């Protein structure tokens, strides 16, 4: 009996992958609906190992999906909902064409909505899974919260993003979960920590929205992502509020309550309402107990038995505990030229009280004339009226203090002062090849001095004097050592004849000769120092390293090569950054020299005039 011939591409990569066209045919969906359901379910195109086999011998580059993912979509109830929506749209079109406007209004009123609660539960079975995947969700929701009414973005979607983002910021304030902040040209980078999960997101600057002339960004796809993310963020906010015994939804200002119909006049009014909402204390659940603080870290024996790691973890926990109450009992007043939203959010996260001018913005809690204000945040060179009972600092002081986890000295951040560089706290400590700016090194190590610093004449003289003193001390120590050695040798020489004389008669001349040779061989002789050639040692090390590289197994060789390529790339990046910094420092030095020359010339001209 002849065995049945196996069909080509019925197994292996040919059977594992499916093209987008075949997936559309199998699911009987339009491309628009297929994209939407893939975004909601978290199914993305895949890259095969062998594209020719995966495409069943077809040429070109096609979008491929896993066959099991497409089969998984066949059982999704949303597909039937999408088909119902398609039927409903046809009914609305027919009613409009036949001018039956009453029926058309009825269809629009009863238009079915898609519920995606089960998808959120399916993709994130536990709360920690949702927190772990919250970075992109928050970044996109904060972006959409700044959008006005656009053609392809529903108005209610941007309003929902505004409400949910304010709720999440309130949750961060209540839990005192903020850890790091950084201001960049893209916006404000924040990092918070909930249940051991680190969440990082970006909040864009509030600039006037510029509509795009070309369709460079597909807002429809972004809107589909936001549809899923708003549902997910709603669940996360609900869980966070209830874990802290807070009422959900929170009672915020009128512009942010879910059942409010208040229309804000313009973007400035919205921003003012948003900041006022951040400055409100939340209501707690009636009869609920206070949220218990986390207990101290228990000390267990680690697997590697390293007590240093345990000590580091304990110190980190202590630092975080102090950071949470860094601004407790302090009052801040923000001038009108300073961006208020990030500062209000940050100050309230660490226990401080904040206010602003009530004549310009809503939501102020105390006036500028309050004598209990500790810090006034300004961004101008000078002020006519100043109070002696407070410090006038620039906004960067707040951000740098949080990243340093302590209240920094204000002398570098006073009004009108030239600010130090704003360093990023988002540095990967695991990577060994990282460029560290001189300012950051100086913060970590107070004794650090940059190599570019040229010492003045007096410093050189002091250094030379110290070197001379050290040299004299070394010489005196050497003289003392040599004198002791001489004395010791003389004592040995004095003792040795007496011993020889005692046994002189008994020993034969041959034995005497052997004893003398033995003494000579046992004598201490000053050694010759061996000078190691560093260049030769470098060559030998390189050769040994190449030999070790050849011993790497074949299956690990590609991984090793990619690791080495990554190291070389990082080295190049560090070298470029150092070169950039060196050129900048040289330029600054030249400018200072030119300024000094100019001042000297002006002084000389004034003296000769």
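Including glycine, each Cβ sits where the backbone N, Cα and C put it.
Note that TrEMBL annotation is computational and uncurated.
As annotated by TrEMBL, domain 'BRCT' applies to 322-415. The region 'Disordered' annotation in TrEMBL covers 439-527, 586-609. What TrEMBL records for 439-452 is compositional bias 'Basic and acidic residues'. What TrEMBL records for 453-481, 492-507 is compositional bias 'Acidic residues'.
Per DSSP, the domain 'BRCT' (322-415) is made up of 25 helix, 15 strand, 54 coil. Secondary structure of the region 'Disordered' (586-609) per DSSP, as helix, strand and coil residue counts: 23 helix, 0 strand, 1 coil.
Model confidence over the domain 'BRCT' (322-415) is summarised by a mean pLDDT of 89.
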